[in-house]
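Pulled from Swiss-Prot:
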type	residues	note
BINDING	53-60, 117-121, 171-174	GTP binding site
DOMAIN	44-322	domain 'tr-type G'
TRANSIT	1-22	transit peptide
């Protein structure tokens, strides 16, 4: 093996030792053997990761290279050839984009890596949210020529919500316009992170030929003849060596401000020269785990450069399952897991992707959800995109697909039995010994945060089968697809007697239609797309309501008084705190009050103008009388009727969805695009330079003004500009625009 020797005249002794110790890699072919699928791996040897990026960032290509180098595939899958492992849907291969997240597993250096490849398009952001519930860390991929893009910010925020450590891989560094330093600046400015580059690009004659591994002080180059399977480390000399030394000093300087052990060594020796290489690596890992830094790597997955070093970094710097999720320790060695996704297979039926946090899930096991539903695990499969290999169990820290559960949905907590749930809850909240069954799910959700964040629909449209004989089959298909994709909203409009779909965008709904045809053989028609407006109150309104009815010989009575008003805090249901109100309300049982709350929140889902969800609106309950023997469901229905009655007399306004546009264009097309945006009620946020010839424009734009906007931009810029968009809140419509929106919704415009 080649031992890297350093130029003594330019490199201090301590740094020489770090470089000399680490850079002992030469040309070699990795042995792809690892733990067999039947072995029970130690949790410390497992990594559960998600691959995140803006659309066309190179997620799927990077994933395919990982599978190839790990020996799981014999041929390099290419998105443009439609032969990738993880893009298996017909629609994915036709369009060249990822629509559904796909799970694959491979072995690398005696570790098991469970990887989820996720979509990059904003319309399928729910797939990203589902995937993040099953992983312990992420790799965020940037296009080296585009930097931090709109959807990069979105997926980064999602990873922040899940408190996931992450690495960044700056991909497509083979492009002439790639700018590694620019990407580092954008990571820090747009995402507010401390980006620590552990590599530098090697550019010769304008082409990426390899990378400099700063920690080892080696230039690494890949063999083009065998698709980059083998690579070698070359000693650094002259200017490259000096630059690597400077970068290493910068890394140690950053880490010493965060890692006490590293800082102590430097203080005691009054120098960075005595820092041992293993201490540097340990500090990088510790700071990454605490999300204090983001290690940055580079390469070109398509050109087979840098991927193996990224795979090594996943093992070195991202956490093992037993280094996270400490809250699940309350379950001890009993089985507990989470459903992160549900899919449907024609032969196997519904399959639930389960992440096991503690214990072991075995074939034939009886489990329950936190909602109290009992399920049986009939079969267990190791995930491999759309192919499955049956296994006998899933150990702690791993993921697997389970056949058998009929009612599980994304976000469900699943455990061995009811007593396990009870014991865990007691450990988490010792004061909750007397909790009722109806409340256990909410208590566990508040402690374990297992509710999935489902984004609001942006568009909706009607859906019709080719004939009434297909209606039952269509309803069943929509139930299955909605179980897979919680961001798809399905409702029934009693006025038009039509089924209505709500989705994240035009593409989302087009894919739903295509899937119904290809998977269920139903050629449905979609109605015109409508904007999913929301509603809000201009001023509070107060009213009372009495609901009285006899059901099966039992008299049902609910009498209440409520106010609907602007939400002051996060809570959407409040109790009047006046002494008079409190004297009345404290007579109501907690279980009954929970149904009053549910009824109030249900009523806030449909406003009086266009049936849009009410934003920033709360309900305050003043007085409540419940007749003896009144059913809980009647209480909930009566409350919803009361709130709707009060809303009908309140002054409401429409709010329209706003999109954040990010456009990249040659500088000469900036003014025509600005002029066009001015006609669309847009708010220009900023215009920045990217390189010498391009501009990046960010603007807030009403969704109603953006129909086929991508096509318009291509026409204005002669096909040279790109545009991406993501939801960015809601804004109040003017009275004139509101009237126009109502006319359009009723088909009058």
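Using N, Cα and C of the backbone, Cβ positions are placed for all residues, glycine too.
Sequence features, as recorded in Swiss-Prot, placed on the structure.
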residue: 53; record: GTP binding site; DSSP class: strand
residue: 59; record: GTP binding site; DSSP class: helix
residue: 118; record: GTP binding site; DSSP class: coil
residue: 173; record: GTP binding site; DSSP class: coil
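Least crowded of the binding-site residues (59, 121), judged by neighbouring Cβ atoms within 10 Å of its own Cβ: 121. Looking at 53, 56, 118, 173, the binding-site residues in this record, the fewest other C-beta atoms within 10 angstroms of the C-beta turn up around 56.
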